[in-house]
């Protein structure tokens, strides 16, 4: 063992990425991929790497996760996150949590310190306290942009369907030098969502799935659509049938679009270390590192490649 070449792929959410935010999203996903890859190169596990990459994006206000999360109908941040270990199918998730900087850290603690897989709202809050996770005021997570958007969506003539197009979630998948895979996903959810709404992110098989026997995937897009087709697990199923990552991703996204009219994006790595970043939305910021080469893009068909030295 120990002969696998480590790979990490990250996404910063599928949807519409406005021109003035492109640079920030690109830089943020690249930074997250490089940080996650650093963990892998230093001998860290796939789980460590995806947690680190997602934490980096939660702390970046460009993304709809952690700081920068969108607001629910009441103007509050409620976040969901999941992490999964492909070695033994262990997973930890949290949903509808508030006043915490890094939901992904809490999800990891749920996986490692409890017999459960998903803690929600008040219970997740009590568990965070028990684990010594610092509480932060809810407004610390609210950016000017989220606030403006929330107010705009309250206007009587606003069209909720319009802002669903600007969807965001952050995620990462990785394979480490021992051949273990992992995934992590984190989000603030849908803008102006009902209080207590939980989307696909916290749901195993929808927001993410990791299994050493096939690979790992993290999803982004319209949560309700993703849940209807159990998108992450569907992609791994296609890979188990022999499809390469890119074909499996496209096939599953295509099915989601034709069957339930849902758009989204996915990142995938298979057990051989082959990877893909695919989306049916207008854009998705993504970055990947393999063989000391950085790949990244936002628009369909866009793919830049740099050596790590340049990056």
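Using N, Cα and C of the backbone, Cβ positions are placed for all residues, glycine too.
Those TrEMBL annotations? Automatic predictions, nothing curated.
TrEMBL has this to say about the protein:
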- 169: active site, nucleophile (ACT_SITE)
- 197, 198, 199, 200, 220, 221, 222, 223: substrate binding site (BINDING)
Please give me the CB contact count at 10 A for residue 221 (substrate binding site), counting all chains in the structure.
29
For the C-alpha pair, I'd like the distance in angstrom between residue 198 (substrate binding site) and the residue listed as 'active site, nucleophile', rounded off.
13
Can you give me the Cα-Cα distance between residue 199 (substrate binding site) and the residue listed as 'active site, nucleophile' in Å, rounded to a whole number?
11
Could you state the CA-to-CA distance between residue 223 (substrate binding site) and residue 169 (active site, nucleophile) to the nearest Å?
10
Can you name the residues of this chain that are 6 or more positions from residue 197 (substrate binding site) yet have a C-beta less than 8 Å from its C-beta?
72, 78, 96, 189, 190
Across the listed substrate-binding residues, 197, 198, 199, 200, 220, 221, 222, 223, what is the farthest Cα to Cα distance, given in whole Å?
16
